[in-house]
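Over in TrEMBL, the protein carries these features:
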{"type": "SIGNAL", "residues": "1-27", "note": "signal peptide"}
{"type": "DOMAIN", "residues": "27-141", "note": "domain 'T9SS-like galactose binding'"}
{"type": "DOMAIN", "residues": "149-263", "note": "domain 'T9SS-like galactose binding'"}
{"type": "DOMAIN", "residues": "271-385", "note": "domain 'T9SS-like galactose binding'"}
{"type": "DOMAIN", "residues": "394-509", "note": "domain 'T9SS-like galactose binding'"}
{"type": "DOMAIN", "residues": "516-636", "note": "domain 'T9SS-like galactose binding'"}
{"type": "DOMAIN", "residues": "654-721", "note": "domain 'Secretion system C-terminal sorting'"}
Amino acid sequence: MQITNIMKQFYLILCLASLQITFGQPANDNCANAELITIDTSLTSFTFEIVDASVNNELGCTTTDDYVDVWYEFTMPVNGNLYINGVSSWNNFALYDACNGNIIQCGTNSQFISGLTSGTNYKLRVFRTVALAGNGFTSFGIQAFEEVTNDTCATAAPITVATEAISYDFNIGGAEVLNEIGCDSTEDYVDIWYEFTMPVTGNLHINGTTSWNNFALFDACNGNRIKCGTNSQFISGLTSGTNYKLRVFRSVTLADNGFTSFGIQAFEEVTNDTCATAEPITVEIIEELTYDFNIGGAQMLNEVGCDSTEDYVDIWYEFTMPVNGNLYINGFTSWNNFALYDACNGNRIQCGTNSQFISGLTNGTNYKLRVFRTVALADNAFTSFGVKAFEEVTNDTCAAPETITVTTEALTYSFNIGGAEVLNEVGCDSTEDYVDIWHEFTMPVNGNLYINSATSWNNFALYDACNGNLIQCGTNNQFISGLTSGTNYKLRVFRTVALADNSFTSFDIQAFEDATNDTCAAAETFTLTEGTITTINFEIGGATVNNETGCTTGINEDYVDVWYSFEMPLNGAIEIDGNTTWNNFAIFDDCMGNTSLACFEESGTVTNLSANGTYWIRVFRTIDLADNTANTSFNISITNSLSTTTFTKADVRVFPNPTNNIINIHSNKSFDTLELYTIQGKKIISVKSQNKLSIDSLESGIYILKIKSQQNKQVVKRIVIN
């Protein structure tokens, strides 16, 4: 086995020797021929060729082995330290003061070498074992660090500390390498020192920026160590006017790393640091009041938060509840925590993170509010909270509902839901903590009910009685069909606790009487006369809700519809103008038929109608637009289909859409008028033919643009203004 290993080694050396003959040795194969390189105080990278170097059985750092090596020389640009980034563990480096001189340092991979002299020439040997000669990573980085002036506590650099955060850059790579104590253990470190005078009595926060920056605070050189730790530090109990010494240090292996800065800030001690010294605040029901706080100056204590014990800083407030009811605390951020007590050392009512909704408080009672954070977050921003009281409501249960009036006109009702009792109960589908209030009303007509809530966090449930049947439950706007005139209904308005304090505390409610022409069989008849535009006004809000097909075959949706019929007086075509895109039309020649002659949105032409033939028109809308009382009419007229000049959406291009300042209109056919309407149907612009429409003064939202031809035909486009 020994003979085999010797043969393998001999063969490897022979191969390398043949490679050297083939490719030639590198020029810097020995110290005498060292390649001159330039280094400075920034990291410079050099690539080397080592595979062709001579194989020598020589000393590495501690043991003798077969090595290949290349040599470099450089002049040190500053007094200080040298960092070599070795890139890989198979790259070794040895630094000498001369060829055949003293070895200064030798090691594997990256090296940090201290105490070098400006202007001095040094020799650098880069070497590998023969077995690794052909490996990759044939480069190294090198950088000089100028010696620092604040390398000891005695030469500490003065810095200013204020109650605002100040950042300081530092050079630690030029510090002397010493084997000394860090925080807990002894290691090779580089360190620099600062001194400052504490501007206030209180706490100090050091933002360490990264985990390899360590900090130790002393009351004097060779004095008492106050605190030592890695990365950011929060140090309490410092005294105004006192001089402190700050040691910034790193292990040698991380001396060259980035993030060479730290932030420092003083926090003045607070006066409301205990429950006994709680600061009085006012709580109102009219508006949420905001209070700014200084928590960075609070005493650090290891105490209970809400559930567990940890190092916290806290401050205290007290207030008198202005009403019986609930309290909302707006925490603004997840690192603000709140606990409410009925007295110092009393019962804890509620404790939680960020915003809190606390129910069942008593008018005239004094409460204690603890605001607290973990020490790690003590210096963070968002140092304020909002607080508001909500008076308890009288219609908090179905048994005590508030009576409201519902008519066929929309009525608005404001409500106070923030004062409702918090209960864990069923919403529409799942159980959660909710607040709710109740209303009751008598339905004025047989038909449908529309509730407009203005926001998604208002939920509604309609019942036929307390503890009765749930008729419908949903979020935001609701359209409820099939209600009976004279019947009393119970309406539950509810929100999750997290949204109890939110705005939009009102809803609109409106009844729609049953439509008499709700089916094709009950279609309302009108007379169509040649040469006359007939206007049909319709009521669609009282129509039955059906899940059926619109104009797109195979796609069902909840629609409401009403029906009309007419007799065609002559062979020809009809033209329908529906005034808005949410009015849809389908034309049938058979009341029992499933296939329409035509189906379109807003406006269209139906050709090839026969004289004396009876036709049916289905007018329909999606349920979410059923209550919209704007544009509840359409115009219908007879036109000669052979001479009709078409004007369709395909003829018009509107761009950009969405837009915020200009609408461009391009049409391959002439048009006469541009009209812009709000989504509620109010006309806000009417101009004669032009290719641009300025809309930069309009509010964001959805608008309807009508482009009308001289033949009174029109194309309608929905415009989004952002």
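Cβ from N, Cα, C; glycine included.
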For the domain 'T9SS-like galactose binding' (516-636), the number of residues DSSP places in helix, strand and coil: 6 helix, 58 strand, 57 coil
Within the domain 'T9SS-like galactose binding' (271-385), residues counted as helix, strand or coil by DSSP: 6 helix, 57 strand, 52 coil
Model confidence over the domain 'T9SS-like galactose binding' (27-141) (mean pLDDT, whole number): 95
